[in-house]
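Just below is one structure, and these are the notes that go with it.
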There are 2 protein chains.
Amino acid sequence: MKPIKIGLLGLGTVGTGVVKIVEGHQDDLSNQVGSPISIAQILVKDRRKTRSIPIEAAKLTEDPWDIVRNPDIDIIVEVMGGIAQTKEYILEALERGKHIVTANKDLMALHGQEILAKARDKGCDVLYEASVAGGIPIIRTLVEGFSSDRITKIMGIVNGTTNYILTKMSQEGAAYADVLKEAQELGYAETDPTSDVEGLDAARKMTILSSLGFRSNVDLDNVSVRGISGVTQEDIRYGKRLGYEVKLLGIAERQDDLFSVSVEPTMIKTTHPIAAVNGVFNAVYVHGEAVGETMFYGAGAGELPTATSVVADLVAVIKNMKLGVNGRQAQLSYNVMKLKSDDQIASKFFLLLHVEDRAGVLAQIAQVFSDCDVSIESVMQPSTPHQSSTEIIIITHQASKKAMNEVLNAFESLSAVRRVKSVYRVEG
Amino acid sequence: MKPIKIGLLGLGTVGTGVVKIVEGHQDDLSNQVGSPISIAQILVKDRRKTRSIPIEAAKLTEDPWDIVRNPDIDIIVEVMGGIAQTKEYILEALERGKHIVTANKDLMALHGQEILAKARDKGCDVLYEASVAGGIPIIRTLVEGFSSDRITKIMGIVNGTTNYILTKMSQEGAAYADVLKEAQELGYAETDPTSDVEGLDAARKMTILSSLGFRSNVDLDNVSVRGISGVTQEDIRYGKRLGYEVKLLGIAERQDDLFSVSVEPTMIKTTHPIAAVNGVFNAVYVHGEAVGETMFYGAGAGELPTATSVVADLVAVIKNMKLGVNGRQAQLSYNVMKLKSDDQIASKFFLLLHVEDRAGVLAQIAQVFSDCDVSIESVMQPSTPHQSSTEIIIITHQASKKAMNEVLNAFESLSAVRRVKSVYRVEG
């Protein structure tokens, strides 16, 4: 039977994994889709470079247009990354009736709507399971598994680098800068780690997950982002004493036609299932009105886990080809929603304050909270005998982000509060 | 637009949930499938019974054939349970070209192949996501999410009743019989709890999961089953001291063309993600060659979680109707596999032995293990001063089930071992 021909854009980590799975699981795959799958052409940066897997030299090209314009290619698998240039290749491939499987979260977060609209026009599939949470089939789960439900909350550990760093800081008591350096040496963090540690990577993934989960167009601009570079050992230690772990959580919430999406280091109760997700693992917690609490856990990156999702998408595209139903992906942005303002976003908060150590300070602080209508759940004052200053840790009840900002503003003119050392959202 | 008409067989817990979701999420659902969904007819035992939700009396019938033979009905949703009679209704509905969504694990475990074959013949869909693990979309995950991978192990907590009982026993130190009684009073366990506590319910679910995961026909007869009625507080306490929780785990393993499936109370390392799954929650841990470790967690039963899965299947069937591709479910039993014999099934084991308290006993016991080629990982001998007998807890290294049985046989003629109190498989 005539094989389905794949053009592979990129032969880095994930691309190599795709070749390994398509070749290693060929029997299984062709049993499922009804024909062989052949990786016919591969875009590489340097044709002469030595590869970790045997590849016929004739399949390699350094010119992406060779593949995009090759009339024999049925499906483009894009695992090269990049945004503007890559988008051009993909739009041109769609124009020529080729289906797309991509692992590119940046592209889908920024230009997903344009690309999906073009695909519908041209009767083509664009699948992107691998763009979020590597081997965890979370996109399928949101789109198909929970098609019947109204999703109210998504909390994700969707960046392995930062979870590795925070896990090491929590388990070994190491400082942020030291763990980052170690992660870079191990290849878990990039030489320029900004996109990971400042939360941008996670924000892009949350844009994708919240769009699908809420069936609405969520823009990257709608996501409020804070990274982990300010997380200290002190925060982690005090968090633990109160029963929390610090995790970089993407949090998307929906109430009726209002939504909010954020990425920020969060104090999460140790009893919550997501608090135990450690190292480079990813997890996505989903709460639906009907289904209640669910969680999906697995490797968030890596050659074979990510390639598993890419090739699962490939199987789905080929099945659609056999049925003649490509380009019929459900239209999932039918909800028109409004971004919550700061007075509509509520959570508990953790505050670590550096304060004067004298009688009446706590009363003054409590008065500020009360004036701003924020009620306090607990206060911890670690004893620091014979010093003129001390620390106070406060956990609030549910309060709006706006009210919390008012508290922080009021502290600026309160001499008893020398410094607000940390503020964290609290979950779980 | 003409609504899609559903015939609902059964208006118990799950049936009521289906009505609530189809009515409550009607806008969302019709946005996805492109037409309204109407529950046109409902089978009940007693038309005059008072219901917790308002239902038009004219929709209710006490005769299943009214629904099965109703030419206006497009899809049958079967949530009545039962096996022989229910199978007749479903086969007749398929004969008449109706699609089926069912939550019936018993039916699918015992007669799934026959029903699916009939569906293919008739160009009909039969979907059954709700039959395993309630609201967790585990069937989609195995069939679609991991279509590209070769699944080597599935471990599931797939029975909420037994997990509730074991959790209570572990957390509160209560005895099995007392917790069972409490679970019955709370409605978490049936008046006759045999099917749950003796593992049959879990075995049926594991038949379904392993068939899909291994893409092969696994029969219920292939599953070795042991329930939790023999689990004691002593087992749980000693397990904890060694870092294990006792869970009723369904375990399906595959190596090349060999497989094994069992349901048994298992000592699972507390660091394993599935060990923390408590109460009536379910979780399925899946290991794939490429994807590595993954886990899927959520409510395993209950009105709305289970109905979420039923209605998600309904959405999938209707989308297929719109595309004209019903009855084209992937043929997933292309692997011909052989059941492992006892010498091919290996695990670690936990043994609790009641032994004579005198010098040389441990040496004799160690000799038995050595003679049977089973090596010991650890031995714990809790001190029991001034008694003529004592307990020994042994954890073995990986050993075959056959070798372990030889050890147990040898103990029968070893007077130093007064009684083998417990044997558990060890995982994690």
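Keep in mind that glycine also has a Cβ here, set from the backbone N, Cα and C atoms.
A TrEMBL annotation is a machine prediction, not a hand-curated record.
As written in TrEMBL, here are the features:
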- B:Leu9, B:Gly10, B:Leu11, B:Gly12, B:Thr13, B:Val14, B:Gly15, B:Thr16: NADP(+) binding site (BINDING)
- B:Lys105: NADPH binding site (BINDING)
- B:Glu190: L-homoserine binding site (BINDING)
- B:Lys205: active site, proton donor (ACT_SITE)
- B:350-425: domain 'ACT' (DOMAIN)
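The CA atom of the residue listed as 'active site, proton donor' is located 21 Å away from the CA atom of B:Gly10 (NADP(+) binding site).
Taking the mean position of the Cβ atoms of B:Leu9, B:Gly10, B:Leu11, B:Gly12, B:Thr13, B:Val14, B:Gly15, B:Thr16 as the NADP(+) site, the remaining same-chain residues with a Cβ inside 8 Å of that point are B:Leu8, B:Gly17, B:Val18, B:Val79, B:Met80. Across the domain 'ACT' (B:350-425), DSSP assigns 23 helix, 31 strand, 22 coil. In the shown protein chains, 25 other C-beta atoms lie within 10 A of the C-beta of B:Gly15 (NADP(+) binding site).
With the fewest other C-beta atoms within 10 Å around its C-beta, B:Gly12 stands out among the binding-site residues B:Gly10, B:Gly12. Distance from the CA of the residue listed as 'L-homoserine binding site' to the CA of B:Leu9 (NADP(+) binding site) is 22 Å. DSSP assigns B:Lys205 (active site, proton donor) to a helical segment in the three-state reduction. For the recorded site, B:Leu11 (NADP(+) binding site), the DSSP three-state label reads coil. Separation of the C-alpha atoms of B:Val14 (NADP(+) binding site) and B:Glu190 (L-homoserine binding site): 16 Å, rounded to the nearest whole number. Taking CA atoms as the reference points, B:Gly15 (NADP(+) binding site) and B:Glu190 (L-homoserine binding site) are 19 Å apart.
Between the CA atoms of B:Lys105 (NADPH binding site) and B:Thr16 (NADP(+) binding site) there is a gap of 19 Å. Working note on the binding-site residues B:Thr13, B:Thr16: by count of other C-beta atoms within 10 Å of each C-beta, B:Thr16 ranks first. Sequence-distant contacts of B:Glu190 (L-homoserine binding site), defined by Cβ-Cβ distance under 8 angstroms and a gap of at least six in the same chain, are B:Thr161, B:Gln184, B:Asp196. Least crowded of the recorded positions (B:Lys105, B:Lys205), judged by neighbouring Cβ atoms within 10 Å of its own Cβ: B:Lys105.
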